[in-house]
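Taken straight from Swiss-Prot:
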BINDING   ILE10, GLN11, GLY12, ARG25, THR91  substrate binding site
BINDING   CYS29, CYS33, CYS50  [4Fe-4S] cluster binding site
BINDING   THR52  Mg(2+) binding site
BINDING   GLY93, SER144, VAL145, LYS146  S-adenosyl-L-methionine binding site
DOMAIN    16-243  domain 'Radical SAM core'
Amino acid sequence: MQLVESFLSIQGEGKYNGKLAIFMRFAGCNFNCLGFNVKISKNDKTLIGCDTIRAVFTKDFKESYETLNANELLKRVIKLKKDFDPIVVITGGEPLIHYENPEFIEFIQMLLKNKFEIHFESNGSIEIDFDRYPFYKECIFALSVKLQNSGIKKDKRLNFKALKAFKNYAKDSFYKFVLDANTLDNSFLEINEILKEAPNQIFCMPMGENEQNLKKNAQKIAEFCIKNGYNYSDRIHIRLWNDKEGV
């Protein structure tokens, strides 16, 4: 498995924000969200995407990844855990592109055997076969379903069958939407469409890869939540550490 980074921090987003957490970020994604417009220069070219570009553009960053097997991944988690009791956040990229990978499966099962609480951060577009892989029912899924502002085509980013499966089978699941203050009317329509087809808890977050851009959106997103009865989630890690990686 290609590991982009691993670190102990706090969960900065969604229903469980503020929780002590070990983050295990795996390489690879099925989306490239150009609409988020985060830019990084690499190998004499400009890469455009979300705030986890290093995990998405695997060809450009592969030399910085670690290749670890399931046992080595577990050892990393135990080392980061120290004597604490953190949750383990499996993130990316899109970690569920690996959900049928034998090495990945072994790692997740090892974590569960060692009594870790596992949270997946996913875009919700990949349907898990919960009958074939029932251990995923013991996990929590934070579903960052992409809206029009991501730049991804609708038929690719919305998989209602997958979203219903997370709600019906997982230990817990919820939506976390990244919203731009300039496109709230469209976002409202999209969110309602998703809720109609696949109801779940909602947490709305302001778009912004750094503290300055986050601040531009935050108040309007909070007011949008109050107006429409949604939960607001700030992005604590950006508030505290701006755009620093590995925190």
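Glycine is treated like the rest: Cβ placed from N, Cα and C.
Taking the features listed in Swiss-Prot, we show where each one sits on the structure.
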residue	record	CB count, 10 Å
ILE10	substrate binding site	16
ARG25	substrate binding site	23
CYS33	[4Fe-4S] cluster binding site	23
CYS50	[4Fe-4S] cluster binding site	24
THR52	Mg(2+) binding site	22
THR91	substrate binding site	21
GLY93	S-adenosyl-L-methionine binding site	27
SER144	S-adenosyl-L-methionine binding site	21
VAL145	S-adenosyl-L-methionine binding site	24
LYS146	S-adenosyl-L-methionine binding site	24
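In the three-state DSSP scheme, ILE10 (substrate binding site) is classed as strand.
Residues near GLN11 (substrate binding site) in space but far in sequence (CB under 8 A, at least 6 apart, same chain), listed by position: ASN17, GLY18, LYS19, LEU20, ALA21, ILE87, VAL89, HIS119, ILE236. Closest to GLY93 (S-adenosyl-L-methionine binding site) by Cα-Cα distance, out of the binding-site residues ILE10, ARG25, CYS29, CYS33, CYS50, is CYS29. Sequence-distant contacts of CYS29 ([4Fe-4S] cluster binding site), defined by Cβ-Cβ distance under 8 angstroms and a gap of at least six in the same chain, are THR52, ALA55, VAL56, GLY92, GLY93, GLU94, ILE97. Residues listed for substrate, ILE10, GLN11, GLY12, ARG25, THR91, cover a largest CA to CA span of 15 Å.
In this entry, S-adenosyl-L-methionine is bound by GLY93, SER144, VAL145, LYS146, whose most widely separated C-alpha atoms sit 13 angstrom apart. When Cβ atoms from all protein chains are considered, those within 10 Å of GLY12 (substrate binding site) total 22, not counting its own. Nearest to GLY12 (substrate binding site) in space, judged by Cα atoms and limited to the binding-site residues CYS50, SER144, VAL145, LYS146, is SER144.
For the pair formed by ARG25 (substrate binding site) and CYS50 ([4Fe-4S] cluster binding site), distance between Cα atoms is given as 14 Å, rounded to the nearest Å.
The average per-residue pLDDT of the prediction over the domain 'Radical SAM core' (16-243) is 94, rounded to a whole number. Each residue in SER9, GLU13, ALA21, PHE23, VAL89, GLU121, HIS237 lies on the same chain as ILE10, GLN11, GLY12, ARG25, THR91 and has a C-beta within 8 Å of the C-beta centroid of that substrate site, without being one of the site residues.
Nearest by CA distance to THR91 (substrate binding site), out of the binding-site residues CYS33, CYS50, SER144, VAL145, LYS146, is SER144. Counting in whole angstrom, LYS146 (S-adenosyl-L-methionine binding site) lies 9 from CYS33 ([4Fe-4S] cluster binding site) by their C-alpha atoms.
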